[in-house]
Amino acid sequence: MILPWIPLLALLGVVVPLLTRQRGRRFCSLATAAPAILALLLVFSQVPALLAGDLPRFQLAWVPQLGLDLAFRLDGLSLLFVSLILGIGLLILLYAHYYLEAHEPFARFYSFLMLFMLSMVGIVMADNLLLLWLFWELTSLSSFLLIGFWSHWTDARKGARMALTVTGAGGLALLAGLLLLGDMAGSFDLGVVLESREAILADPRYPLMLVLVLLGAFTKSAQFPFHFWLPHAMAAPTPVSAYLHSATMVKAGIFLMARLHPAIAGSEAWELIVTLTGMATLLYGAWFALLKTDLKAILAFSTVSHLGLITVLLGIGSPLAILAALFHILNHATFKAALFMSAGIIDHETGTRELGRLGGLRRAMPVTALLTSLTAAAMAGVPLFNGFLSKEMFFAEAAASPLLGGLSWLLPVLATLGGILSVAYSLRLVHAVFFKPARKAPPKSPHEPPRLMRAPVELLAALCVLVGLLPVIAEVPLGLAVEAVLLTPLEFHLAIWHGLNLPLLMSVIALIAGVLLYALHAHLRQFGRQFSPMDARLIFEGAVQRLMTWSERLTVRLENGSLQRYMSWLLGAALLLGAIGLLQLPSLAGARPTQEADGILLLGAALMIFGALGTVATHRYRLISLLMLSVVGLVVSLTFARFSAPDLALTQLSVEVVTMILLMLALFFLPQKTPRESSAGRNIRDLGLAASLGMVVASLNYAVLTRDNHGISDFFIANSVPGGGGHNVVNVILVDFRGFDTLGEITVLALAGLAIFKLLNRLRLFMPHSDGEGRVWSPDRYPLILTSVSQALLPLALLVSAFIFLRGHNLPGGGFIAGLITAVALILVYMARGVEWTQQRLDFQYQPVAIAGVAIATLTGLGSWLFGRPFLTSAFGHFHIPAIGDIELATAMLFDLGVYLAVVGATLMILANLGKLTTPHRPSKEEKH
Amino acid sequence: MESLYAVTTGVLSACGLFLTLRGRTFPVVVGLTLLSYAVNLFLFSMGGLTTDGAVIVDGPSDYADPLPQALVLTAIVIGFAMTAFAVILAMRARGDLGNDHVDGEDNREDRAS
């Protein structure tokens with residue numbers, strides 16, 4: 001149970017600085033370091049178990065359906081990396097404590113730094129591919145925050161964005177690759193994956209998976225041609241560069257290749273891609289490191305170059321090459337972090353990082369000069385430093401690799417060339433800063449940094465020398481790590497002297513030629529200047545800008561704020577899709593015989609078509625258009641009656657009445673005529689679009705009608721009486737079988753009512769006193785006949801609706817229809833008597849009615865839980881009531897009551913509130929009874 | 001009969017769609033209403049056109065398909081709610097913006113070609 005505490009402590013470290021920032025920087029720095037120190041101690045506490053041959057693992061199911069577990073492991077490889085991450089992280093924290101200016105938000109910086117530490121710890125300890133990927137993405141995000149920490153500075157923002165884009169895109173490729181990999185191995189568990197090598201290599205998707213995973217690794221580890229983000233990420237504060245870009249984040253890609261090595265490496269594709277990419281990166285980075293004049297840019301390109309070196313070793317993949325790769329990871333982390341921190345010190349104390357403005361600093365900063373020289377010697381691979389050991393192993397492996405067949409001699413030659421370049425740029429770095437006389441004075445007069453700011457560099461430089469002199473001390477952690485990658489222990493011995501052999505010769509050549517190259521390097525830079533360097537940032541920013549412009553143009557084209565434009569696009573798309581569907585039918589007419597049409601049907605169809613065309617033809621005269629529309633609505637209702645749907649006919653009829661009253665009321669407040677404003681072209685386009693869609697609809701409808709369908713209705717018919725206790729199948733479907741849908745629908749209805757109530761709230765509209773033709777409205781607002789009839793009709797109508805409601809379960813009717821009839825009857829009274837008169841007598845609000853309806857329906861559904869049944873299970877039984885007789889009652893009726901109330905409430909909420917607009921009583925918040 | 005029904009549905013849809021493409025709110029609302037008639041008729045016919053079919057379960061007989069009926073019944077009511085909302089929104093837009101163009105401003109048609 002110790003393992004999960006390591007990431008958890010790092011997580012704690014994210015919060016600590018934010019909680020302790022009030023107490024000053026010193027306290028905050030110490031408090032932030034505490035969890036990391038504790039985590040490091042926990043890691044070390046596991047070493048004896050590892051040495052004993054155990055593999056500490058921890059597993060907790062997280063999303064088991066996806067195969068995602070919260071699983072951690074601590075094998076030798078994890079141990080090596082997690083110690084690097086926590087150890088160097090602590091040194092960086094100490095360094096940052098002195099590096100940041102007094103006014104900078106240090107707590108936020110620490111928090112980001114710890115977030116990054118957490119994500120790196122997560123990557124190297126994850127025992128599940130998906131979990132690994134999650135942490136992988138977290139490093140991209142946290143490094144974005146860190147690189148862009150000085151967000152007031154454009155370079156920082158752009159550099160951060162570039163790093164995020166490149167590594168984020170690589171992360172997506174990696175996700176695809178890991179999903180494929182997990183699929184091939186049959187599990188996302190790392191233990192399973194590492195042992196499924198045969199299955200993975202034999203899988204036909206192996207090349208695809210390999211490319212995707214390598215894309216992720218190469219983008220993260222800045223391999224050519226994805227290296228360009230790393231130099232631009234140097235806009236970050238130096239502690240960030242020292243931590244992310246030397247020791248940790250850029251090593252994540254390397255770590256991934258090492259981690260998955262047992263499972264996916266060893267194929268010819270792997271060896272070629274990885275080795276050649278690494279070699280290209282090695283030379284490219286080294287060449288530009290020699291040409292750059294900014295200290296951090298030199299270090300960034302040299303990092304690219306060293307990452308390439310490690311990649312070559314992983315590509316060669318022999319046991320000793322793996323050992324060399326891991327050893328170089330360790331060495332590079334030590335000397336490069338130290339060099340970055342030295343560069344930061346120089347920048348901090350002189351105010352510049354430009355080689356042209358630096359020089360002769362060894363007098364002002366003797367200790368820093370010494371430390372930088374030592375670590376640069378390690379970087380150059382000078383004997384007796386740690387870099388020499390791993391570099392010589394690299395030379396040996398490059399010379400021994402048969403990878404390129406007859407051209408294999410190229411590898412050692414290129415490796416030596418890389419070595420020469422690395423000696424040259426290391427020498428230049430030290431010489432130009434500390435020894436060469438200065439041409440210009442730096443902005444600040446240089447002096448040594450605070451004692452403790454230098455301490456991390458001192459420690460790392462000491463390690464460089466110590467490992468260089470006594471390589472034996474690195475054998476134990478390396479042995480564990482190599483065992484984790486090779487899955488078997490490896491016998492090896494690290495020594496300084498291997499006798500006179502080829503690698504030593506290569507080292508000597510590299511040293512001598514490197515010094516010569518530096519001597520000639522002024523000419524070289526002259527030569528290099530002839531090639532205008534491709535500025536990756538310009539290209540990248542240009543691409544980003546172009547993308548933005550294109551998408552902006554596209555957005556403006558598609559989305560110009562015109563509803564008509566949207567509608568025509570939408571309809572065009574629907575037309576296209578519908579037409580494609582129809583084209584695939586072998587013939588329009590199906591096998592089902594058609595029925596004969598009779599005279600009444602012809603008349604009905606003619607009326608409907610007349611009404612529809614009339615609505616369009618007269619649409620500029622809105623009232624007439626509305627009357628035409630009502631013709632269509634009435635015939636629709638008759639159509640339902642003709643084709644055996646009495647429920648529908650009743651519903652349509654009552655809705656039709658309500659809709660027409662509503663539209664007329666609304667029209668009262670709107671212009672009576674539509675101006676003629678569409679151009680002829682516009683009209684023709686719309687006509688064409690509408691007519692084609694109409695044809696598609698007609699064809700589809702005909703195609704369906706002439707084909708046999710095998711619906712699910714037999715089930716409803718068979719189960720209506722035994723299962724729902726009702727003989728009216730339509731009603732039983734509504735309140736029982738599909739009760740949940742109905743509940744949703746009455747909720748929508750009630751919501752529409754409430755929304756309309758709010759829309760009408762405090763609406764101020766011009767109230768016309770004449771119609772469209774200029775005729776003044778009659779002062780006799782409430783005609784006598786209507787008044788008398790409506791009053792007499794009300795109780796009758798209520799009685800009818802009660803009857804329709806009660807019989808609804810067994811005969812045509814039900815809550816919807818009854819509700820609409822009640823609403824129509826009440827509206828009639830409103831119309832005949834006016835809002836004021838009616839409100840005095842019907843003194844209540846309709847909103848609570850609608851809400852009560854939805855509530856009753858919901859509670860009826862919930863009621864079935866009390867009996868341990870699923871939501872909306874209905875129950876029914878027969879009851880004998882004296883004098884009335886045997887009746888059947890079902891809980892569905894209670895549900896139907898909810899429907900009834902919701903319909904009445906919502907309809908009247910809409911119409912009564914709209915009606916109120918015609919009176920001085922307008923609905924508003926103040927109006928409370 | 002089937003072809004007659006299909007043609008009617010098609011004409012109703014075409015008329016409704018043409019009106020929804022107009023530039024003023026009221027014709028658009030009328031068009032939506034017309035379109036919902038067409039859609040309801042279309043959906044209703046998915047169960048086939050049954051003349052004199054039974055709808056009340058009372059012994060074995062030739063039943064009309066009840067499922068499309070149930071679906072269309074709620075569709076009618078929801079359609080009413082939608083029409084009501086759209087038309088009140090149109091009124092509110094006119095009250096707040098001073099015109100009844102669908103884009104909330106007059107003379108937009110040139111730009112929207």
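One is the number of the first residue shown, and numbering goes on along the chain from there.
Placement of Cβ uses the backbone N, Cα and C atoms for every residue, glycine included.
As annotated by TrEMBL, transmembrane segment applies to A:27-51 (among others).
Under the heading domain 'NADH-Ubiquinone oxidoreductase (complex I) chain 5 N-terminal', TrEMBL lists A:65-110. Using DSSP to sort the residues of the domain 'NADH-Ubiquinone oxidoreductase (complex I) chain 5 N-terminal' (A:65-110) gives these counts of helix, strand and coil: 31 helix, 6 strand, 9 coil.
Summarising the annotation, TrEMBL assigns transmembrane segment to A:71-95 (among others). If one looks beyond the transmembrane segment (A:71-95) by at least 6 residues along the same chain, the residues whose Cβ comes under 8 Å of a Cβ in the stretch are 3-4, 6-7, 29, 32-33, 36-37, 39-40, 43-44, 46-47, 50, 55-60, 110, 113, 117, 120-121, 124-128, 131, 189-191, 239, 242-243, 247-248, 251, 255, 258-259, 326, 329-330, 333, 337, 341, 344, 452-453, 455-456, 459-460, 477-485.
Residues annotated as domain 'NADH:quinone oxidoreductase/Mrp antiporter transmembrane' in TrEMBL: A:126-400.
As annotated by TrEMBL, transmembrane segment applies to A:242-260 (among others).
Residues or ranges marked as transmembrane segment by TrEMBL: A:272-290 (among others).
The feature transmembrane segment is assigned by TrEMBL to A:322-346 (among others).
Feature annotation from TrEMBL assigns transmembrane segment to A:367-389 (among others).
Per TrEMBL, transmembrane segment is recorded for A:409-434 (among others).
Summarising the annotation, TrEMBL assigns transmembrane segment to A:455-474 (among others).
Beyond its flanks by at least six residues, the transmembrane segment (A:494-520) meets 290, 327, 380-384, 388-389, 391-393, 395-396, 399, 412, 415-416, 419-424, 426-428, 431, 468-469, 471-472, 474-475, 478 of its own chain at Cβ-Cβ distances under 8 Å. According to TrEMBL, the transmembrane segment annotation covers A:494-520 (among others).
What TrEMBL records for A:566-585 (among others) is transmembrane segment.
The domain 'MrpA C-terminal/MbhD' annotation in TrEMBL covers A:607-672. The average pLDDT for the domain 'MrpA C-terminal/MbhD' (A:607-672) in the predicted structure is 91.
What TrEMBL lists as transmembrane segment is A:623-643 (among others). Beyond the transmembrane segment (A:623-643), the same-chain residues lying 6 or more positions past its ends with a Cβ under 8 Å from any Cβ of the stretch are 600-601, 604, 607-608, 610-612, 614-615, 649, 652-653, 656, 659-660, 663-664, 667, 672, 772.
According to TrEMBL, the domain 'MrpA C-terminal/MbhE' annotation covers A:682-764.
Here TrEMBL flags A:683-705 (among others) as transmembrane segment. Here the transmembrane segment (A:683-705) has long-range neighbours at 568, 571-572, 574-575, 578-579, 581-582, 585, 588-590, 592, 594, meaning same-chain residues at least 6 beyond its ends whose C-beta is under 8 angstroms from one of its own.
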Tertiary contacts of the transmembrane segment (A:566-585) (same chain, 6+ residues out, Cβ under 8 Å): 558-559, 685-686, 689-690, 692-693, 696-697, 699-700, 703
Recorded stretch that, among A:65-110, A:126-400, A:607-672, A:682-764, has the most CB pairs under 8 Å to the domain 'Na+/H+ antiporter MnhB subunit-related protein' (A:785-908): A:682-764
Stretch with greatest number of CB pairs under 8 Å, the domain 'NADH:quinone oxidoreductase/Mrp antiporter transmembrane' (A:126-400) reference, A:65-110, A:607-672, A:682-764 candidates: A:65-110
Distant-in-sequence neighbours of the transmembrane segment (A:27-51), which means Cβ under 8 A and at least six residues beyond its ends: 2-3, 5-6, 9-10, 12-13, 16-17, 20-21, 74-76, 79, 82-83, 86-87, 89-90, 93-94, 96-97, 106-107, 110, 114, 117, 121, 476, 480
Helix, strand and coil totals (DSSP H, G, I; E, B; other) for the domain 'MrpA C-terminal/MbhD' (A:607-672): 56 helix, 1 strand, 9 coil
